[in-house]
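Here's the structure, in structure tokens; my notes come after.
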Amino acid sequence: MAAGLCWSRIVTVPTGPLLRVEGQEVAIRCDVSDYEGPSEQDFEWNVLRGSDAVKLISSFDPSYSDQSLRDRVDSGDISINRLSDSSAELKIRGVRVTDSATYQCSTPSTDTVIAGNYHADVQLRVISDSLIITSEMPKPVVPEGKSGTLLCNVTHDFTEGSYLSINWSVRKGTSPAEDILTFGPEMGVTVGGHYLQRYEDGGLRLNLGSPGSFGLVLSRALPTDQGVYVCTARQWTKEVGGAWQKIQEKSSDMGKVTVTPTVDSLTVKVEDVSPLSVGDPLSLTCSVSMEDKADLGLEVTWLLNDTQVLIHMARNGLVANSSDAVRVTRVGESDFRLTVGSLELSDSGLYSCRVNAWVPLSGGQWYQSAKKTSKPVLVVVGQKDPDFSVTLVSSVTAQFPGDPTELECQVTNVSHLRNGRLGVSWHYTATTPMGDTTTMHVIASLDENGALRPAEKYRARLESGLISVTRVEPNTFKLRFLRAMNADAGNYACSVTAWALSRNGNWERAAEFQTPVLKLSLATKKPALSVGASRLREATASGSTFEMSCRVAGDSLQGASFSVIIQFQESVLGPVRKVISLSSDSVLKLEDASEPDRLDSVSLVKSGAREFRFRIQGVQVSDRGYYWCQIGAWTQQPGEDRVEVVSGDSNKVQIDFEHTGPSFLVSISSDTTSVYPWEPVKMQCEMVVAGTSPNTDDVAYEIRWFLTRIRDSDDPILLISMDRWGVVRKVPRNDSSDLSLERSDSQKYLLGVHSTQDSDAGEYHCIATPWLRSPASGKWSKAPDAISKRVFLSVKFAFWDSMKLPLLYGVCASAFMGIFSLLLGLICAHCCCRNTTSTPRSRNKLMDLEMD
């Protein structure tokens, strides 16, 4: 029996060539198997270009990389990632076109016998990023049932071995994007699960136009198609073995597609008819209209009193409940006529037309997209109609907006009314600037029982008493506007209805007469406004109270509300700052409050119908300047937002008093004006008080340090600050140096610059803001800022300090490589140059294994 053991090392990499796109991440795996030695193997990667080989990266030697690739390896652009003991992955984070080459993976030998392969090569091709995708949506708004096209235009440089695929997806609300259809990469079509049936029915079509233009057609748009559509282009390559590898992907938002439901544009209307008598024929036409006429199926039902079905026509034209007395016919594309042969008293009532709109689907099916019912039309059937005359006069006529107006509707020559009752309806028709009239609207009506029935548009004004509808005498009705508005100008009419009591005890409409229109016009008068400001309380010293009054006067401002803004200007030519405001809804807002503890010291109140009062308690030195009021007049039409019609500014009122407190100066000093990098610097900002010095507990300072990198520049940079409570705030910087600010004495503040860098050079200065506390009231007031002179700090360049570390590293690296080369030569001489002789066979016919 013979036994043998044979090791044969195998190093494998992916079969090339590998095609990738510039800028993408590339990962090349290397595996080793059937090896001896430790389980964890090391890997080395080289770049081969022709006969030249460049060392790339090693898993065990950090200094393995060639000098030309050192920066990319150190930055992490090129790295090696160990996947297991016997496999590793070469990663190039942003591959370049110049990275196209042959990459060789090697594994240093740990075997006792050299057998198999110890390196493997793979070719990498990097192509430029030429993929450009643009999207177009010709119709972002698609009516329900119509078709929409989603165009995706893609351009790229042709490269052998690369393929293209186009994907359409939709994002609805906060849900993730859902794939609709994908074309490619090999001319195939893949449809999303929710759209498969629709694609098979022809509701989704792929439209290939000119080269690079891809269109997706959505037939018979549904409300569920609404959303944000995205077009995605992907570049692919086919690896050895037939597997597809995605090498690039780019997306473009096509925008939001809005599907307008049919119900939004569908209108159903039935024209009114005059009162009829028993035996007369009735003919009503139901007109259906919409903005965009899609291929709809219309189903029509005529109703009496909203519950009784008179007759029904299906969308295919079949009629149900038809008889000789009641018929329905289609007289136009969207007109349906109801005919009643001979009317009876019981035929009186409210007639309406109900329409169901059906939309066809791609598969031949239908679904109901809209359902609407027309406004009921009152049909009055009577025998002997009462007769009377109606006249409309204006008893009180308005001249300008805001004046009262009164219209009087008088009923005369009444006959055949007997025990009947009278009701009234008031109508209004607006006129356009060209003199044309619009649709007539009902303002309100009094029914047979005298109950008021307001129209929704006028309900608020009727309930508030701005409009009143009354019956002042048995045959006289009045419409009164407490304050007429510009929107009330137009044509007015009143219609009087006679109600008769039927045999079943119900009131039935017997007759109705309407007056000719009466035109109401208002002279336009432009509103005017003037504002005057006066001083109520003078601020004579710091800590006192200032009070100012603002009065409004004007014309054509009836019913207007006012907004007030108090503005401040330190000097006549200084910037304007808003202090406090009061909106037309009486909402108070503090506009530019500089200190939180002053929120309660400023107030603005409405002291009269057209008067406002502004007050500052505890006036400070910084409050000195000019104050004035900006007042706006606002009006509001029923159902609309408030609109500012006119505004004006008042005269300016000045706060001016002598500041008798101490004055402050700031001095700055530095322990040095020239340093080397990484050395610390300290600068001191010291307060100097001129005049009577306040107690230490009655003064506090707010300190800010600034740096100006260019001499005499007016663009300083804030570095660090300390408020008057001692809280230090640093401004975020990109420098490696650090700053500190501490209080070394009651009036001295020390700035420390640690680990100074070149960017710290420049002019330094500090600004101190003193805060004084009044011994009498205990309130704090801010004194004027004190600005120090500037101190220039220069940072020297230390040549030897910057060069000694690189020189030391170079000497050490050279010595290490020399010693390593000497040891490597001795090992090679010992292992490769030995004189080996053959060993005779043993008698037991077994060969002795010789370890090399």
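Including glycine, each Cβ sits where the backbone N, Cα and C put it.
The feature domain 'Ig-like' is assigned by TrEMBL to 8-115, 129-241, 261-374, 386-514, 527-647, 662-769. What TrEMBL records for 807-833 is transmembrane segment.
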Could you tell me how many residues in the domain 'Ig-like' (386-514) are helical, how many are strand and how many are coil under DSSP?
12 helix, 78 strand, 39 coil
Suppose you look only at the domain 'Ig-like' (662-769); what would the mean pLDDT be?
85
Which of 8-115, 129-241, 261-374, 527-647 contacts the domain 'Ig-like' (386-514) most, counting Cβ pairs under 8 Å:
527-647
Residues of the parent chain within Cβ reach of the transmembrane segment (807-833), under 8 Å, 6 or more residues beyond its termini:
63
